[in-house]
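Working notes, beginning with the structure itself.
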Amino acid sequence: MDPKTVYLIAALMMLANGGVLGLMHGDLPHSLRPSAVSWRVSTLVHACGCLLFLVQDLAPRAVMLPLGNALFVLGFTGYWRALRQFYGAPDSPWIWLPAIAGGGGVFWYNLVQPDMAARVAVLTLTWLFILGACVWHLHSQKRRARASSRRVMTGLFVGVMVFMLLRLAYFLIAGVPPGYRVSDGAYWINVASPLVVAAIPVIGTTAFLLMCSERIRRQWERAASTDYLTGLANRRTLADTGERRFAAGGGFSEARPGMGVALVDIDHFKQVNDRYGHAIGDVALKQVAERLEAACRETELPARQGGEEFVVLFEAVDAAGARAAGERLRQAVAAQPFMAGELKLAITVSIGVAVRAPGDAGFDDLLRRADAALYAAKAAGRNRVECAALEIEGGIPNYREPVQHPTP
Ligand SMILES: Nc1nc2c(ncn2[C@@H]2O[C@H](COP(=O)(O)OP(=O)(O)OP(=O)(O)O)[C@@H](O)[C@H]2O)c(=O)[nH]1
């Protein structure tokens with residue numbers, strides 16, 4: 001195929017992709033828009049580079065070719081910037097330096113000291129540096145299990161880098177043939193080059209849109225499953241996880257410990273709100289959540305049930321283990337006063353714990369017994385842990401165990 005035809009098709013596909021991204025721009029969340037703008041501009045810059053190669057005979061080629069190559073390196077730097085913006089890295093003017101140096105080198109070996117092999121080497125090194133920076137940036141992000149779009153994008157950049165190396169090796173080993181022109185279809189490398197150049201603007205734009213949709217999906221999932229104020233699991237996640245673990249635990253067995261819960265309620269929280277205001281109350285809630293989370297073990301799930309009430313799920317505990325875990329949580333909150341600006345607040349929590357019992361038909365029964373134990377903890381003076389009895393008589397928890405604990 002004629003390389004000019006390939007450049008024309010590539011330019012049209014890039015323009016179409018840039019257009020699609022432009023149409024979708026308004027539907028993206030604000031946080032993703034700067035990155036999408038950079039990606040779109042870079043795609044259009046690449047299209048302009050292809051068009052320059054297409055019309056290279058209309059002006060001196062010694063100007064058109066380096067100009068086209070300069071547009072490609074600028075376009076790749078734009079993709080680098082887009083990826084940085086996507087992952088929240090601060091904008092830096094330094095990322096344009098390799099493109100400026102590489103572009104300058106290409107002009108130098110075209111106009112001042114014409115040397116095709118040196119020009120290819122400078123261009124290749126510039127591309128490798130910029131694309132390598134993109135790969136490094138993609139790779140250095142926190143790994144997420146289903147981020148397939150990021151893997152596609154990384155593969156694409158690596159593929160283009162490998163091609164550039166092969167292209168350099170081709171020119172270094174075979175040497176630059178006399179009278180060689182990039183528009184000469186007799187050389188396979190002249191047809192392959194625009195196809196590979198087009199891979200990132202064309203396939204990469206689809207992968208970029210996939211990255212955006214994966215980000216949006218994760219944000220929605222997080223918003224639906226976590227509590228907006230504390231960042232802990234919310235009531236819905238708690239209910240889902242609790243029911244699932246309850247069902248997975250099978251029938252009750254005296255021989256092996258089952259799941260347990262701790263219901264944690266801040267003591268006299270209304271007074272904090274009334275005395276210092278709702279905003280300070282919110283700060284205190286967040287700090288209690290942080291301390292509970294920090295005190296939880298890996299297998300324990302802290303959640304905000306609502307208001308000033310938290311729940312911690314235990315995976316496999318007996319009554320003594322649940323009580324000890326509850327005590328660990330209580331101490332984590334009571335150990336030190338809370339700081340809200342200049343204010344020093346002494347905050348404590350009361351905790352009711354319950355472990356799975358033979359009479360529990362579902363997770364709600366477990367919670368109900370923990371709630372009754374919490375009620376007992378409040379009645380017994382607060383800042384303490386009470387353990388629920390194993391039985392429910394007529395739907396009302398029956399406390400067989402005397403509530404006798406040292407007052408903290
Ligand atoms: N700041 C803030 N306060 C909340 C939030 N949700 C619930 N509250 C407050 O939590 C307080 C709960 O008060 P009560 O249920 O009377 O309980 P308490 O004052 O903690 O007393 P005891 O639980 O009996 O120790 C109320 O003042 C609610 O307005 C919230 O998201 N932010």
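Using the three backbone atoms N, Cα and C, a Cβ is placed for every residue, glycine included.
Annotation source TrEMBL lists transmembrane segment at 6-25 (among others).
If one looks beyond the transmembrane segment (62-82) by at least 6 residues along the same chain, the residues whose Cβ comes under 8 Å of a Cβ in the stretch are 35-36, 38-39, 41-43, 45-46, 48-50, 52-53, 55-56, 91, 95-96, 98-99, 102-103, 106-107, 110-111, 114, 119, 123, 126-127, 130-131, 133-134, 137, 182, 197, 200-201, 204, 208. Among the features that TrEMBL reports, transmembrane segment is placed at 62-82 (among others).
Long-range contacts of the transmembrane segment (94-111) within the same chain, counting only residues at least 6 positions beyond its ends with a Cβ under 8 Å from a Cβ of the stretch, are 62-63, 65-66, 69-70, 73-74, 76-77, 80-81, 84, 118-119, 122-123, 125-127, 129-130, 133. Annotated transmembrane segment per TrEMBL: 94-111 (among others), in sequence order.
Per TrEMBL, the feature transmembrane segment maps to 117-139 (among others).
As annotated by TrEMBL, transmembrane segment applies to 151-173 (among others).
The annotation transmembrane segment is assigned in TrEMBL to 185-212 (among others). Non-local neighbours of the transmembrane segment (185-212) in the same chain are 1-3, 6-7, 10, 13-14, 17-18, 20-21, 24, 28, 32, 36, 39, 42-43, 46-47, 49-50, 53, 72, 75-76, 79, 82, 86, 147-150, 152-153, 156-157, 159-160, 163-164, 167, 170, 177; each lies 6+ residues outside the stretch with a CB under 8 Å from one of its CB atoms.
Among the features that TrEMBL reports, domain 'GGDEF' is placed at 257-390.
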Contact set, same chain, for the transmembrane segment (151-173): CB under 8 Å, 6 or more residues outside the stretch: 116-117, 120-121, 124, 127-128, 131-132, 134-135, 138-139, 189, 192-193, 196-197, 199-200, 203-204, 207-208, 210-211
